[in-house]
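K.L.:
This is the structure, below, for whatever I ask next.
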Amino acid sequence: MPEPAKSAPAPKKGSKKAVTKTQKKGDKKRRKTRKESYSIYVYKVLKQVHPDTGISSKAMGIMNSFVNDIFERIAGEASRLAHYNKRSTITSREIQTAVRLLLPGELAKHAVSEGTKAVTKYTSSK
């Protein structure tokens, strides 16, 4: 009985090899879509606080989700405050009040002082 022809072994489940396609004459090379994240900023802050410490990609993903979540909460609360006061602009005052409402006690105080410091630095550099 003849043996069936052996084909190339099937790639293992979860294999990470990319399938490359040959380019035709008229095709343009596809660009990788940009994915925005806060990872470079999280990394810069980490190096300021703990210069000898690294961070895994999983931990960076968690930090990115955390920053996005806090941003959305503050923006939403600031928007609500502006709406309540019949204002069409979100100012630093709305942001500050939103931070005071969202963050607990000492954390809110530190966040407000750091935010005020950042705004002062920005306006003085103009």
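First residue shown is number 1, and so on along the chain.
Glycine residues also receive a Cβ, built from the backbone N, Cα and C atoms like all the rest.
These figures come from a predicted structure and were not determined experimentally.
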K.L.:
Select, from Lys6, Lys109, Lys117, the one residue given the annotation N6-acetyllysine by Swiss-Prot.
P.N.:
Lys6
K.L.:
So one of Ser7, Ser15, Ser37, Ser56 should carry the feature phosphoserine according to Swiss-Prot; which one?
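P.N.:
Cross-referencing Ser7, Ser15, Ser37, Ser56 with Swiss-Prot, phosphoserine lands on Ser15.
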K.L.:
If I look at Swiss-Prot, which residue among Lys21, Lys47, Lys58, Lys86 would I find recorded as N6-acetyllysine?
P.N.:
Lys21
K.L.:
Name the residue among Lys16, Lys24, Lys35 that Swiss-Prot annotates as N6-acetyllysine.
P.N.:
Lys16
K.L.:
Select, from Lys13, Lys44, the one residue given the annotation N6-acetyllysine by Swiss-Prot.
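P.N.:
The residue tagged N6-acetyllysine by Swiss-Prot is Lys13.
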